[in-house]
Amino acid sequence: MSKNSSPYHDAGWLLSEHLQKRRGLKSIAFDSQGNLNDKRKAPDKATYATVCKTMQHLAIINEVLNANNLRKSIGFDSVRNKGLLYVMIYELLFGKYKSIRGGGKIKRMIIKHEKELRRQADECIAKHGGEGAEKCIIFPRYIRVNTLREKKLDAVDTLRTMFRKQSEDSVAPFIYADAHVPNLLVLPPTASSWLHHDCEYVKNGMIVLQDKSSCFAALALVHGLGEGTIDDKKVRFDYVDACAAPGNKTSHLAALIQSSIGNINQSTKKKDGKMTEPNSTVYAFERSSSRFNILQERLKQLIPSLPDDCTKVAVVPVHADFLNADPLDPKFGDVRAILLDPSCSGSGIVNSPDRWMEDVHDNKDAKRIQSLSNFQLVALKHAMSFPNVDRIVYSTCSVHDEENEAVVAKALSEVEKSEDGNDWELMAPVCLEQWPRRGREGGIGGLTKSQADCLIRCDGLDGDETNGFFVSFMVRKKLASGCINKRAPIDSVGIPIYKGQFSGFSGRTNFIASDSDSKQSAGNYASKPIQLNKCEGSSQQKNDNSFAKANGKSAKKRDKKLEWKRKQALLKSTRIKTKGKKATVSKKDA
Ligand SMILES: C[S@@+](CC[C@H](N)C(=O)[O-])C[C@H]1O[C@@H](n2cnc3c(N)ncnc32)[C@H](O)[C@@H]1O
C-alpha cells in the first residue's frame, strides 16, 4: 500500500492524470515508472481495474453530482485531486462493498452527503430503466490461433478441454470458427473469465486474444488481392509494420505470410535443399522504448525460433521512428507492403476506459483528434513514398472520420500523380468482400461512393460484435489491374461457422466483453462466470438451441433497440438532407 493515507492514492493519481492530460489510460499506466510511489512498477491490476470501473461509471457519477446541487455541496471544485474524488464516489455507490476504505479529507467531504448521494444514484439508475450504471457492450471472446505455434484443430481440442473444466454444468463447449478470418475462433463472452492474459495457453503463445476487427488489417494486406494472384517472379517480398507494439498484428502478419508463401520457398532452396535466408522479412518499427520492450517480449512468445532452414519469415523488431526510416535505404529495397496501424484516439474500442471518457467530455477533444489525424496523414504519405511498395493497409481503432476516411482521401489527393500506373488507389480487400459495413462517402473526406465501398468499417455499437475499426487497402494502380478476384473459403473442417449464436448478451452482467488487443483490461481481472444453461445431452446443436433460448429474450430486446436506433438515424439523415436542400434553394432564391 502507498505511504499516503488513502488506499486509493494510486488509482486517484492515475485517473487524475488521465482527466487532466487527456492521455490514454494505458499509455499512462505503461509509462508510469517514476510517478507512482513504487518507482519500478506500473499500477497493479487492482488499481487499474478500480480506475477502469470508475471510468465506466463516470457518466452516471456526474449525473448524480449534477442532481440537487450535490456538486456544490460536496465542494467538488475545491478538490484538486478529482481522480481520487471520483474513485471514492465510485467505491461508495457502485463498488463491491459500497463503502470507502481508509480516511482523509476527501472521504469526509463525501460521507457528509452519503445519504443524498445514494438517493440520487438510485434515482438515476431507475431513470435509466435499471440499466446504464455500467456501460458495457458484450461480444464474443475471439481467439486467434497462432498458427506459427499451434494447429487450429489442436487449439480447438485444448480449448474444449479447458472449457469443460470451467463449466461444472458439463455443457458441451461452444466454439465456432469465425466466418471472415481464418484461424479465428469464436467463444462465448463468458470465456473471458477463464481465458485471459494470465492463462498459460495465452502466455506460451499458442493462442492470441485478439478482437476480430483487429485481425482484418494483416489479413487485408496479405490476402487483399485475392487468392492465386501472381505478383511477379521476384521471390523476396519484405514487409514493414510501421507502428508495431504490442505486436498482435505483426505476429498475425507473420503467420499469414508463413502459410501463404507455401510453395514459393521451393525456388529459393539451394541444391542441398537448404535455404540460406527467409523468403520474407517483416521489419516491425516501434518508437516508444517501453512499448518496444513489450513488442520484443510478445514476439519472443509468439514467433518460434526455428532452424534457419525452416524459417520462411523473419520478424526484425526495429526500435525507431518510422517517419525517420529512409525509403531509399537498400535494406528496404525488397519491402513491397506496409501495414500502418498508427496511434489513434481508440474511440472504437467499445469498452475501453478512453471511450467512456468520450461521452463525459462530450467529444470536445477535437484538437487531440486533429493532431492525431495530422500525424496519421504524414505517416501514410511516408509509407506511400517507399518506391517498391505497391500495397498498404492503413487501419485505426477509431470511429472518427478525421482519422479514417479524411486521412485516406487527403493522402490519395496529395501524393504525386504519375502516368505509368504508380498512382495509388483504394481497392476493396477481396478476402473481406463478404463483410457488409463499408466506409463513409462524402463527409469531410469527400470520398466517392465507390471509394467508400472499398473501405471496411466495424461498429461495435451497431451490432457488429467487434470493436469499432477502420481498414483501408491501397494499391498502386498498375497492381490492381493484375489481381484475381478469388476469395479463399474459410476452412471450417471439424468446427461450425459462427452465425451470431452469442449475440444475446447485453446490458448489465457480471461479464466484461472481449477486450481489445491491449494487455491490460478491467475484464481480465474482474469477471465471474455466468451459469451457462444446463442441458441434457452434449451435442453442439442441442447446446446451440438452449444457448439461443437462454439469450433469446435479451437478443430480441437488443434487436428492437437496434431497429429503433437505425430508424432514428434514418430520420435524422433525412432531416439533415431536407434542411440542406432548403438551404440551397433559399441560397439560389437569394
Ligand atoms: C495502435 S498502436 C499499434 C498496435 C499494433 N499494430 C498491434 O496490433 O499490436 C500504435 C503504436 O505505434 C507506435 N508509434 C506511434 N508513432 C510511431 C512512429 N512514428 N514510429 C514508430 N512507432 C510509432 C506507438 O508507440 C504505438 O505503440
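Along the chain as shown, the residues are counted starting at 1.
Backbone N, Cα and C atoms are what each Cβ position is placed from, and that goes for glycine too.
Per TrEMBL, domain 'SAM-dependent MTase RsmB/NOP-type' is recorded for 131-477. Residues annotated as S-adenosyl-L-methionine binding site in TrEMBL: C243, A244, A245, P246, G247, N248, K249, E286, D321, D341. What TrEMBL records for C397 is active site, nucleophile. For 535-590, the entry in TrEMBL reads region 'Disordered'. The compositional bias 'Polar residues' feature in TrEMBL is assigned to 536-548. Summarising the annotation, TrEMBL assigns compositional bias 'Basic residues' to 567-590.
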Cβ-Cβ under 8 Å from A245 (S-adenosyl-L-methionine binding site), same chain, 6 or more residues apart: which ones?
E286, S288, R291, F292, I294, L295, R298
Secondary structure at A245 (S-adenosyl-L-methionine binding site), reduced by DSSP to three states
coil
Greatest C-beta neighbour count within 10 angstroms, which of the recorded positions C243, C397:
C397
For the residue listed as 'active site, nucleophile', which of the listed binding-site residues (C243, G247, K249, D321) have their CA atom within 10 A of its CA?
none
Within 10 A of the CB of G247 (S-adenosyl-L-methionine binding site), the number of other CB atoms across every chain shown is 28
What is the pLDDT of the domain 'SAM-dependent MTase RsmB/NOP-type' (131-477) when averaged and given as a whole number?
86
